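Let me begin by presenting the structure, written as structure tokens, before commenting on it.
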Amino acid sequence: MSTTTADTPTGTTGLDRVAAIARKEFVHGVRSRTLQVLLAALLGTTALVFWAAERLADPSLSPVGLLGLPLQLLVPVAAILIGSAAVSGERESGSLRLLLGMPPSRTEVVLGKLLGGASVLVAGLAVTFGWALLVSRLTVGSVPVGPLVGVAIATVLLGGAFLGLSIGVSSAVSTAKRSLAATFGAFLGVTFLWEPLVAGVYYLVSGSLPGAEVPGWLLFLDRSNPIEAYAIASNMLGAAGVSSLRVSIGLLGTNPSAGVAERIGQTVPVYLTDPVSVVVLVGWLVVPVVAGLARFRRADL
């Protein structure tokens, strides 16, 4: 089969074909038993968090901040399961050859898969946060609308970041198993290994580990982690108390709890301001999809 598939006029536009693929992905996603189990886990965890906050009655504990922790685990897993086999699974089964024998181009297939997967994620998160509004009213007696909206927006961005990563990898590799292994490996990497990797880069450049004062580029690398960016974005959007779930063992300086200005010893540059966390999350969505699509368009199926 040729390595590219041109659009062919059949009475439909490219947008129509993308929408048709997205609808198919959405139906497939909402029918997935695995994703239904993950949604049930999200709903159960949400209820548990607000119930625990009411029982503890500790003003220093924010229920929305606590909710951010399980969201950092379950939402990336859901996004990976949605996207990791989206293209590679059909490529492996041979159904992608049939699909590409009809009007959709390879670009339209990838965009349709991305939009369909995003629709599944957004629908699941809408149910989750609607449930959170109800549960908060029944347990703590008040509805933290502002913080919930803030963490909801950040969570959509986090899900989009891992969906983009998984769709990009799925477009680039030939089997669903390879895609799943690569994307879960990336998730484990940003959760457990990011700090040692960033510290390793600093060591290669300077010959030592970071001290009390660190260069701005080091903090930028650290804050380029999507899990870290999620925590920063959540707090910026009003969900105070959301902390990063990733593992930190103190390799990035002797004063990691200090503010950015104190850690770098100067005025905070633009690239270390909180709004950049949104750009980071969008980058994790866009860059892997573009790279995966470029490889997919050259692949011999």
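In case you wondered, yes, glycine gets a Cβ from its N, Cα and C as well.
From the options 145-168, 241-264, the stretch TrEMBL describes as transmembrane segment is 145-168. Panel annotation: around the transmembrane segment (65-89), residues 25, 29, 32, 34-35, 38-39, 41-42, 45-46, 49-50, 52-53, 96, 109-110, 113-114, 117, 120-121, 124-125, 132, 151, 155, 158-167, 169-171, 173-176, 178-180, 183-184, 187, 227, 230-231, 234, 239-245, 292, 296 of the same chain, lying at least six beyond its termini, place a Cβ under 8 Å from a Cβ of the stretch. Contact between the transmembrane segment (145-168) and the transmembrane segment (34-53) is not supported: fewer than 3 Cβ pairs lie under 8 Å, counting only residues 6 or more apart in sequence.
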